Amino acid sequence: MKMPYGLTVAITFSVLCLSVIGAAAQGAFDLSLLNVFQGVIICPWTNDCALSPIEQQILTDIRLPRIFMALLTGAGLSITGAILQSVTRNPLADPYLFGISSGAALGAVLAMSAFTGAFSGFLAATGLSVVFNVTTGALAGGALSVFLMLTLAGKSAVQVEKLLLSGVAVSFMLSAFTSLVIYYSTPETAATLLFWLMGSFSGSNWADLILPLLAVVLGSGLFFIFSRWLVVMQLGEESAATLGVPVHKLRLGMLLVCSAVTAILVAEVGGIGFVGLMIPHIVRLLVGGQLHRVLLMSLLIGATFMIWVDVLAHSLLQDQVLPVGIVTSALGSLFFFIILKQRQSR
Amino acid sequence: MVNQSSNNSYTSGDAELAHIAVEHLSLTIGAKATNAILRDISFAVECGSLVGIVGPNGAGKSSLLRAIYCHRYDQPASLAGQVMIAGHPVHLMSRRERACKIAVVLQESALPFEVTVREVLATGLTPRKPLLSFTSKDDTRLIEGIAADLDLTRFIDRDFGSLSGGEKQRVLIARALVQQPQILLLDEPTNHLDIQHQIETLSLVRSLGVTVLLTIHDLNMAAAYCDQLLVLNKGQLVANGEPFQVLTSELIQDVFQVAADVAVIRNTYTHERRIRIAYDMPPSRTIAPGSAGERRK
């Protein structure tokens, strides 16, 4: 039995909206759903707010930015995964497989260790920290990984197999460098870097959201614009070329957009794996393989999933926050197992 | 069965049926001149005819088709000579223009994800639709009309991957028709099909009314359905003409290294000439009683 697509989208969208509210009511400090409703809907526009200033502050300055960061990350990584799977016609493709995440992580780790290390004074004194920070580091790292992958794969990366293999090679190489940086840093820095690598949404503020929001909105827009061509490409490259699609340029362009989106997200939240691989597959099981459906639903389900992963990371252990990356992978693989099992038994 | 009563023409209304002229076409892949895939090939195809390209494996059949649809090779490849369609050289056309004139049916490859037949057909609209556009009512009507003509309506919303080989081939031909081309190129359309579906596919192609070039292995099928045959051997065009002129036992011996009897059958009323080829096959090996092969049974 399959639900009509429109209904599925409507339900998923409602679940996402409710998740934002529901997640805002979860946490160490007690806020009821009613409080959250008031805080989000009534307080910003009127003066008679039922919430105390401290409740108001926790809601708008701590929880909501964190939830929206989770939302954007989940949506961005999922749609990127869906696109990478369709341009390479490979169901195993995701930002990790291509080394984009590893590259961005390396750049970010280098930038972070420079801040805490010997260069921090120099950077602060010269004002270079504006140009050289974690975000630019991650962007540069992401770009480096794509550059390395394309160089390894040869001229304009015409063969998908070569592209995938060189992506894997680059991924391992850059991960090795990241480990090296961590190995040679002081224990305190190493701990910070390791924790950062496992991903976290804590400490996000509204200003941090701007760049990820732009990346996810612009990236998704481009993906939807080109989805007509991407569908043709899914059916085979040679036949796509006979239908007038510039196959190589399209693939290269999509790779670059995907790496930019991933790098920006990794820079803000650290390494969060498995979402880009898993969510598109779950979506295909729900609504079938039509690309525009897969893209839209990946955005919605990826966002919802990530919001609840973050809630779990905060509530699984008392007075402790688990790294999001651990929860994503553990929960994701379990969820995936169940779905595969169910499909087999059907 | 395919509905053959409707002898529709799927070409775009204003355009005249195309005429293909290939002039001194040579193709070399890689740096060495010894890697010549096609050597100085020239031929012409009349509007609306069904042309079969035959020859042994590696003779350059698919490469000839690729040269016509301007395939871009991964390795450096040098192409000399030119291909003209209705007087216009194909290599000067834009990708899109070319896709509006030439539709190609390749041997289908496995698809990684589920995709419905309707979606596969809709991809045929790509060259004529801007990137940002929705499928209009006219498009849907075109797709459903072609699907009905090719008897695909029953499974238009099914997953393409779940169809049988013959059905997939029909879907791919239907997609090519959605492109509304003047020329249809098919790379071994009868490959992996049983005899019924081979006949069905070739009859369908025959009934379309567009100029068709296809590569094919079965010489009897080629002789039965094609108006013109091009025989390729080691990259050279060794014969070109109507099947009964081209397919002689000498040529088959020469090109395929197989002895064959070619019987020309003439219809007394229509004076149509058809040929039937019977191959000389070596007798099957007999197994001596008590030998290793016998004992294994």
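Cβ atoms here come from the backbone N, Cα and C positions, even for glycine.
Range with TrEMBL annotation transmembrane segment, chosen from A:9-37, A:96-124, is A:96-124. Most Cβ pairs under 8 Å with the transmembrane segment (A:213-232) belong to A:252-279, among the candidate stretches A:130-151, A:163-184, A:252-279, A:291-309.
Under the criterion of 3 or more C-beta pairs below 8 Å, with sequence separation of 6 or more, the transmembrane segment (A:130-151) and the transmembrane segment (A:252-279) qualify as touching.
Among the recorded stretches A:67-84, A:163-184, A:252-279, A:291-309, the one sharing the largest number of Cβ pairs closer than 8 Å with the transmembrane segment (A:321-340) is A:252-279. With respect to Cβ pairs under 8 Å, the transmembrane segment (A:291-309) is most closely packed against A:67-84, considering the stretches A:67-84, A:163-184, A:252-279. Beyond the ends of the transmembrane segment (A:163-184), by six or more residues, the same chain brings 88, 90, 93, 96-99, 101-103, 105-106, 109-110, 113, 141, 144-145, 148-150, 152-153, 157, 190, 193-194, 197 to within a C-beta distance below 8 angstroms of the stretch.
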